[in-house]
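Feature annotations, reproduced from Swiss-Prot:
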{"type": "REPEAT", "residues": "132-155", "note": "repeat 'LRR 3'"}
{"type": "DISULFID", "residues": "Cys395-Cys410", "note": "disulfide bond"}
{"type": "REPEAT", "residues": "448-470", "note": "repeat 'LRR 11'"}
{"type": "REPEAT", "residues": "641-665", "note": "repeat 'LRR 19'"}
{"type": "DISULFID", "residues": "Cys678-Cys721", "note": "disulfide bond"}
{"type": "DISULFID", "residues": "Cys680-Cys700", "note": "disulfide bond"}
Amino acid sequence: MERPQSSIWVFMLLLFMVLLQSPAWHVAAQRCPQTCVCDNSRRHVTCRHQNLTEVPNTIPELTQRLDLQGNILKVLPAAAFQDLPHLTHLDLRNCQVEMVAEGAFRGLGRLLLLNLASNRLSTLPQEALDGLGSLRRLELEGNMLEELRPGTFGALGSLTTLNLAHNALVYLPAMAFQGLLRTRWLQLSHNALSVLAPEALAGLPALRRLSLHHNELQALPGAALSQARSLARLELGHNPLTYTGEEDGLALPGLRELALDHGSLQALGPRAFAHCPRLHTLDLRGNQLTTLPPLQVPGQLRRLRLQGNPLWCACHARPLLEWLVRARVRSDGACRGPRRLRGEALDTLRPSDLRCPGDAAAGDGDGDEDEDRPAGPRAPPLRSPHGEAAWATPCPPACACVAETRHSTCDGRGLQAVPRGFPNDTQLLDLRRNHFPSVPRAAFPGLRHLVSLHLQHCGVAELEPGALAGLDRLLYLYLSHNQLSGLSAAALEGAPNLGYLYLEHNRFLRIPGTALRALPTLVSLHLQDNAVDRLAPGDLAGARALRCLYLSGNHITQVSPGALGPARELEKLHLDRNRLREVPTGALEGLPALKELQLSGNPLRALPDGAFQPVGRSLQQLFLNSSDLEQISPRAFSGLGKGLRSLYLHKNQLQSLPAPLGLSGLELVDLSGNPFHCDCQLLPLHRWLTGLNLRVGATCATPPSVRGQKVKVAAPVFEACPGWTARKAKRTPTSRGSARRTPSLSRH
């Protein structure tokens, strides 16, 4: 009776030993990190909130889903997940990640979802996302990204959703999303975007939904948006837009839904959406619209959302109501006034219900059509050039003044003189696209609260002395695209707290140095695309607080030593697209805070030794692209150390380049578009590149046998060079001390 029972125990023991040797059991029992939970049946591993500082190296190889939320990884090194080739989902939320090294995700060719939300990323280096050819969804929400470099997403050809919401983006460069051929939804909400380059959205042929709500767009970027030809849904709510019209150039043939809700819209051009033939739903809730013109859109518009606007249901709204009925468009707005119609739904009214004082239809004598408006006492309706009514008191004729936002606008009204009579508490005054050849003395009386003044495209040729009198709080002055050739200190005396002065696209031949003496707090001066030919001592004598100086696109041939000296706080200097034949090294003396130097597009041809020595300790970004560079001295970058983050040398004529040793902090180097001659003279550069964990784009143009090969990997060309064997020997312990060690610029 005992033998069968003994046989059973022997069988179970043998079975246990077999299972113990199986790969699955071995993985489950031996490879699960102690701080993690491994579910081998579903191939899930969870290591949440374990204070991990690096990715555990004993995670089962067959894992498909890895959850590392809430750890302290900070840096993701190259090949951090190379032992997990089967991963499809990777969650790295709230891991305090500050840097992703290039190649961090290489080997994850099956990954579908990468979640990097709620970390501390301020930049993404090129090649950081290499190896993710199957990725469908990338979450970068809630980081600290300030810029996007073209090419960052170039390896993500399968991506369908990209989430960049809740970052710190202020600008989208051209081709920012190049390579995203299948992306259908791009989320950019809750940033600080104010400018989109015209080609920013080029290269997104499949994009169907774009979220740009909660940004700082003051004008509709129609040219940029129209690049996304397949867009069906566009979300632009919660931006400080005050007006949009056909001139903004929005042309989206497939657009079905457009959200412009909760902005500052005061007027809308009748043909603003004339080039969106399939538009079905237009959301204008929560703006400052008192009425709308009949919109000239093709017949597919079916819903117009107007809730939360101060609609004034008087005779001026009849064309709108008649159009809504005729076009069979449903609307949900309600009347703010007059009193007898307050709270009435717009779509329940008849045209005869909308009347003004003196109308024959006003037979009941109630006399309330001209009663109190939201902005104050009674005033007649104000008309914009497109026929919209705009109610505010006081306010000059043909302008619109909104009490809630303290904004007043006369944009594009055809005015020949600066109007008067704006509300005394106005903070933003928009007078763009009128015709004021001269701005007279005391042109803005009573506007002591004014913060931002827009005078672009007004044909201004002169600001008379005292023109800005009384504008003690003015911070932003926009005078771009005018006819100015000079400015006097007397003209600016009334705005002593001005911080930002925009003078681009005028006729200046010199920096208006005398005028700057009246602006002791000026921090940013824009003089792009003028005709300035030189910078001389004294030009910036009054600009001691200046931090940003933009002189791109002028005719500058000389920057004299001492010309920039008074601006010791200067952080950004843009001298690109000028006629400089040499780096103005002497002029860089005395700029201890300079971080960004833009010299691209000048005919420099050569860089001598110590060209940037004066700003070596502070400089972080150096732009030398498209500068006809043919020769760079071996010590051209001497003085520049680990503080330099970006070096742009692309699109030059360099056949050779000395290795810029000592630049250990580089995060971006661009050497593309140079005709490098790959011979022994280039060996130092080859060595430097092999120790540099960055994508630089340097390729061989000659000899023909290696044309098109990357300098970094073209080792066969250099194997016969003197010194090549010494490099190989350097790797062995016996020769380590005798061979000179090449510094590595790897970021990890």
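Every residue, even glycine, has its Cβ placed from backbone N, Cα and C.
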Other C-beta atoms that fall within 10 angstroms of the C-beta of Cys395 (disulfide bond): 25
Nonlocal residues around Cys678 (disulfide bond), in sequence order (Cβ under 8 Å, 6 or more apart): His686, Cys700, Thr702, Pro703, Val706, Gln709, Val711, Ala714, Val717, Phe718
Surrounding CB atoms that lie within 10 Å of the CB of Cys721 (disulfide bond), all protein chains: 15
Candidates Cys395, Cys410, Cys721 (disulfide-bonded residues) - the one closest to Cys680 (disulfide bond) by CA: Cys721
Lowest local Cβ density (other Cβ within 10 Å) among disulfide-bonded residues: Cys410, Cys680, Cys700: Cys680
Cys395 (disulfide bond) and Cys721 (disulfide bond), distance between Cα atoms, whole Å: 79
Tally of residues which DSSP labels helix, strand or coil - the repeat 'LRR 11' (448-470): 0 helix, 5 strand, 18 coil
Three-state secondary structure, which DSSP defines for Cys700 (disulfide bond): strand
Where Cys721 (disulfide bond) sits in the secondary structure, as DSSP reduces it to three classes: coil
